Every structure is written in structure tokens, then in C-alpha cells.
Amino acid sequence: MSNAASAPKKVVLAYSGGLDTSIILKWLQVEFGCEVVTFTADLGQGEELEPARKKALAAGVKPENIFIEDVREEFVRDFVFPMFRANAVYEGVYLLGTSIARPLIAKRQIEIADMVGADAVCHGATGKGNDQVRFELGYYGLNPDIKVIAPWRDWAFKSRTDLLKFAEEHGIEIAKDKRGEAPFSVDANLLHSSSEGKVLENPAEPAPEFVHMRTVSPEDAPDQAEVITISFEKGDAVAINGEAMSPATLLTALNAYGKKHGIGRLDLLENRFVGMKSRGIYETPGGTILLVAHRGIEQATLDRGAAHLKDELMPKYAELIYNGFWWSPEREMLQAAIDHSQRWVTGDVTMKLYKGNAYLIGRSSPYSLYSEKIVTFEDDHGAYDQKDAAGFIKLNALRLRLLAGRDRKFGKN
């Protein structure tokens, strides 16, 4: 047992009910002799969560110290949708499905710690990945004095065999398929699924088809395209085909469309915040459709200057989320600017879904800046005087003409 003076008295553990966090729960009890409070979040990962309650009770956790919460609506409304207002993608392609879930889990752990008087929080992220950073930046960003326990960095176990031995010694149930090495590691929520490690660690080898759990193969998707209409209000999707939906219900529906048509697969070799490159197989079916649709309604409603500035800000915004700085002032500053840009982002977008692709085929908005009267190739009846373009071009060409004159006189250095 650790030094009694520094040992936590009560710990809020992010608990899935799986083997690893069940081992962590028992390790906390054995190592520190502390009281453990479990928090299990329903983020739309598609798993039955009540077994987590039974496992926690079997491990000696008091009933009043077991928190199982459905946070799907909060997750989509307060985290996913704000991120999609920014069109955020990391390194050009990754829709940040794992990254965006961590701030909410950290927030609820801190809130529960305050509620029950816990002096520490604990997560099950390994010492090699990004999640340890995301969780802990979240904890400290919300409670600067909280004690953080990261078992994968602290305990003495050297191998999976050591973990399984500890589990057996303490009566922790081990599923038969967990006795050997699992083929890959999975994280899932309502926005996406990610698979990493083991059979995926050679980036030259194609990922086995069985890794993909959220989407059919594009080759096996229907031969008939499907057309849907997504409605937006102030940057957030609010309806599909005219049917109003809550944020989580809408994303669930888009996931079903994306799954059916094989949309949202990504094989990415990404740069982790901790310094190494890692390979991830991501599936973000509904999010991929939503991103294309949101950019489509912005095409009609955002001014060029605002749209281009927003695109310049996006990589920084995405990097902040990827690295775990959701609760930072710079993310909040960027969010304020992004949200301000969405005041007029209202209207309908028509999408065609077909064999792995989400095509934007139409958009309309009462606040559209598109003027058919001005842009027409036919007679615009004086709406736009083409002669004005000559002066516009001359003024913009002035510095280029001066540079060209010098180059022609003295040659280019």
C-alpha cells in the first residue's frame, strides 16, 4: 500500500465495466485502501451499461457511489455541434471523435468529485497515448487542486499476463476472449468508432475488413443512391427530411444513413500530441455527412472574408481539441468567433448518399448571399456593370506591375 499521507481517500474513476477499468478499480482499493466512486458515461457507444453497475457492486463499491449517466444529448449539443460549427478536422481528415468525448467525461468526474467530496480522479488511459493528456488537462482546467491517478503510469504490472494474474487473484471476471491478446483496441461513442494497435500496427498492411464495425463496405452498399435533406438553424442541424430531431437523435439517424451507404471510413497515420505517430482506423458515418452538409449551407450564407478567416482558424481550433485544450481560454475565444459567424447559417442542404460518398447536390437559405440576378450569364438588366472590373483589376495589378518593371530592368535576384 502507498504512503498513507499521500494516498487519496476517495477517488472518482472513469469506469467502463471492462476488464482494464475493473482491474484499476480493485487496484485502487488494494494500493490505497481508498473509497472508489465509479462514473460510467453513455456516450452512445452502443453497449449495455447496467452490467457496469453489477461489476462495481461486486467489487465492493457502495450503491450510492455508482454513477451511470446518459449524456448523449449533452455530448452532441454542447461538444459535437460546437465543434462542427467550426468544420473542425485534425490534419485535414480526422473528425476528432475520440478527442471531443474526453472533455465531457472529465467535466462529469470533477462535478461528481465535488458532489461526493472526493479528493482524486482516475482514468484508464495508457502512458503512450493522447487520452491521458486530454483527461488530465480537463481535470486541471476545472479543478487546479485535484489529485490525478493514472494507473498505467504508476503501477508495477509489466505485462498483460501480470494484469490477468491480478484479476484472477481478486476474483475479477475475465472473458475468454480476453485471455489472449485482443486483435485491436476500440473506442466508440455516438460520433465515431476508432480501432488501433496490434493487427493495425503495420501501416503498410490494409486493415482487415472485420475492423470496421460501424459501416458496411462501400462495395457492399446499395446500388441505388439515397437523397436526404438536412435543415440547419444558426449552424446546427435540427431536422432531416423535414422531421425535427434532438441533437443526439439527429446524429443517430445520420449514423444509420452513413452505415447503410458505407460512408465515413478513414485509415489515418496521425501525429500524436505526445510525439509519436500512430495508425487509427476511424468510422464517422453521420459526422462525415454532417460536415459536408454544414459546409454546404455555409457556402450560401457566409461572406467570403468570414468564410476564409474561419478556414484559417479551423486548424488551430482542431489542434486544441485534439491536444486536450477544450477548457482553455484560447479555445473559448475561437468558439466565440465561430459561433458569431453562424448567426445566418440557416437553411436546407440536399445530400446524395452513394457507396462511401456523401455528395452535396443542393442548398437553399432565406439568408443566402447568392444572387442569381447578379451572377447570371444572361442579361442582368444593369445589376452588374462589367466595365467596373477594369479599374478593379488595374488597382490590384499595381504592385505586380511595379515589381515586374523592376525585374525587367535589373533582372531577378
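For all residues, glycine too, the Cβ spot is worked out from N, Cα and C.
Swiss-Prot lists Ala14, Tyr15, Ser16, Gly17, Gly18, Leu19, Asp20, Thr21, Ser22, Ala41, Gly124 with the feature ATP binding site, giving sequence analysis as the kind of evidence. Feature annotation from Swiss-Prot assigns L-citrulline binding site to Tyr94, Ser99, Asn130, Arg134, Ser185, Ser194, Glu270, Tyr282; the stated evidence is sequence analysis. The L-aspartate binding site annotation in Swiss-Prot covers Thr126, Asn130, Asp131, and the record cites sequence analysis as its basis.
Counting only the Cα atoms, the space from Gly18 (ATP binding site) to Thr126 (L-aspartate binding site) is about 15 angstrom.
Annotation for Arg134 (L-citrulline binding site): spatial neighbours Ser99, Arg102, Pro103, Ala106, Ala125, Asn323, Gly324, criterion Cβ-Cβ under 8 Å with sequence separation of six or more. Distance noted between the C-alpha atoms of Tyr94 (L-citrulline binding site) and Gly124 (ATP binding site) is 23 Å. Cβ-based crowding with a 10 Å cutoff singles out Ser99 as the top-ranked of the binding-site residues Ser16, Ser99, Thr126, Ser194.
Cβ environment of Ser22 (ATP binding site): Lys55, Ala59, Ala167, Ile172, Glu173 lie under 8 Å away, each six or more residues apart in the same chain. Distance noted between the C-alpha atoms of Gly124 (ATP binding site) and Asp131 (L-aspartate binding site) is 9 Å. For Asp20 (ATP binding site), applying a Cβ distance below 8 Å and a minimum sequence separation of six or more within one chain yields Gly124, Leu163. Ser194 (L-citrulline binding site) carries a strand DSSP state (E or B). Rounded to a whole number, the distance between the Cα atoms of Ala14 (ATP binding site) and Asn130 (L-citrulline binding site) is 16 Å.
Per Cα geometry, Asp131 is the residue among the binding-site residues Ala14, Thr126, Asp131 nearest to Ser194 (L-citrulline binding site).
Between the CA atoms of Ala14 (ATP binding site) and Tyr282 (L-citrulline binding site) there is a gap of 23 Å, rounded to the nearest whole number. DSSP gives Ser99 (L-citrulline binding site) a helix state. Distances between the Cα of Glu270 (L-citrulline binding site) and those of the binding-site residues Ser16, Thr126, Asp131 are shortest for Asp131.
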